[in-house]
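Chemist: According to TrEMBL, the protein has these features:
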TRANSMEM  26-47  transmembrane segment
TRANSMEM  59-78  transmembrane segment
TRANSMEM  99-120  transmembrane segment
TRANSMEM  126-146  transmembrane segment
TRANSMEM  158-176  transmembrane segment
TRANSMEM  191-214  transmembrane segment
TRANSMEM  226-247  transmembrane segment
TRANSMEM  267-287  transmembrane segment
TRANSMEM  294-318  transmembrane segment
TRANSMEM  324-342  transmembrane segment
Amino acid sequence: QEAKEENGNATNQVITELGSVKYKRWICILLCIIFLLCGQSVAALLGRLYFDKGGKSKWLSTLIQFAGFPILVPFYCISRPKMLTANHCSIGSNKQPSIMMLGLVYVTFGLMSAGIGFLYSVGMQYLPISTVTLIAASQLAFNAFFSYFLNSQRFTPFIINSLVLLTISSVLLVFNNNSSRLAGVSQVHCAAGFICTVLGTAGSGLLVALQQFALRKLVVRQSFKVVLDLVMCQSLVASSAILVGFFASGDWKGFSGEMDEYGLGKFSYLMVLIWTAICWAVFYIGAVGLVLEVSALFCTAISALGLPIVPIIAVFVFNDKMDGIKVISMVLAIWGFISYVYQQYLDDYMPKTENTGEISEACSYSIGLSEHSALQGAAAYH
């Protein structure tokens, strides 16, 4: 009887602790989602505002995507316990990777980020923000493809349905060139912007998959500090590479004149650059945090959640055209996102059911052993 009571108390304690861990984990995930969506939406709108009011430098537009990382330094002073992640490092050793290995990873990710950011800047300059956003939704398909090989991503009917819908959503925009062209932008520049945005989206899908692979294979102790290290080092390398291109291309010579001729004035020009940089830094914290806590594909799906926000706001702020093809593209993209989220719900529900059964079986087995031991003791006494 005492053994039964002890095992019952232990089971209840385990269930309570598991529930507490899951509760704290989902608070972290919710905060990361808020950071990602708010940072992404505001940064995209400010990036379009830079070009819409007279900004011309693609290098400067790319630089502000990464230059906001110094504002993250105070977060190192925040004392925070280890994040309770569901995904742990799969290597058998407890040794941390060498500084050289981590440096190579950070440099590679930083250079990739710089290239992806420049491609997006070209797309932002030559295409409406609504078109860029809808094309970026196909990142989920690219990420799923790369995650299948790098992170053993499992494909289910709902995920396949999501990927097909998001791909069709982006392909529809190819037949929408005439209505998607900005005033004063030639068809050649429009095509260049479309190609650069697609390449940037593919590169972004690969980068997020590689980040998940690196975090799980190289980093043993996964914590909030790990997220900061990755974001700051990656942003530092990307900013350095972009600065080289900024000065080598001669864009820095037109910086003063561009600020003087900016449609909203000098002060607004500086505020647009500063707040764009801050919003992108917030976005990267949320994105890497979701990769660490859940998966690269989940991070990309949440990023697609912001899909309806930017195009709708752009209709009122930048007078972007929202024709029938764009509406259909948006509906398909949202449908694809809901399909993926439903699969995440199933993945979260099924393990809970299985774990409950495993705990019950373990308790029954433990109680059975206790009863068996008690009977043996009684037999020995007699």
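Glycine is no exception: its Cβ is also placed from the backbone N, Cα and C atoms.
Values in this document were obtained by computation on a predicted structure and should not be read as measured data.
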Chemist: Same chain, outside the transmembrane segment (99-120) by at least 6, Cβ under 8 Å from its Cβ: which residues?
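Modeler: Counting only partners 6 or more residues beyond its ends, the transmembrane segment (99-120) has Cβ contacts under 8 Å with 58-59, 62, 65-66, 132, 196-197, 199-200, 203-204, 206-207, 210-211, 214, 218, 230, 233-238, 240-242, 245.
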Chemist: Need a quick answer: max count of Cβ pairs under 8 Å to the transmembrane segment (126-146), which of 59-78, 226-247, 267-287, 324-342 is it?
Modeler: 324-342
Chemist: Should anything in the same chain at least six residues away from the transmembrane segment (191-214) have a Cβ under 8 Å from its Cβ atoms, list it; otherwise answer none.
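Modeler: Residues 105, 109, 112-113, 115-117, 119-120, 122-127, 131-132, 135-136, 138-147, 150-151, 170, 173-174, 177, 185, 230, 287-288, 291, 295-296, 299-300.
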Chemist: Counting only CB pairs under 8 A, let me know which of 59-78, 226-247, 267-287, 324-342 has the most with the transmembrane segment (26-47).
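Modeler: By the under-8 Å Cβ criterion, the transmembrane segment (26-47) pairs most with 267-287.
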Chemist: Same-chain Cβ contacts of the transmembrane segment (59-78) under 8 Å, 6 or more residues past its ends?
Modeler: 43, 47, 50-51, 113-114, 117-118, 120-121, 124-125, 224-225, 228, 231-232, 235-236, 238-239, 242-243, 245-246, 249, 251, 255, 273, 276-281, 284-285
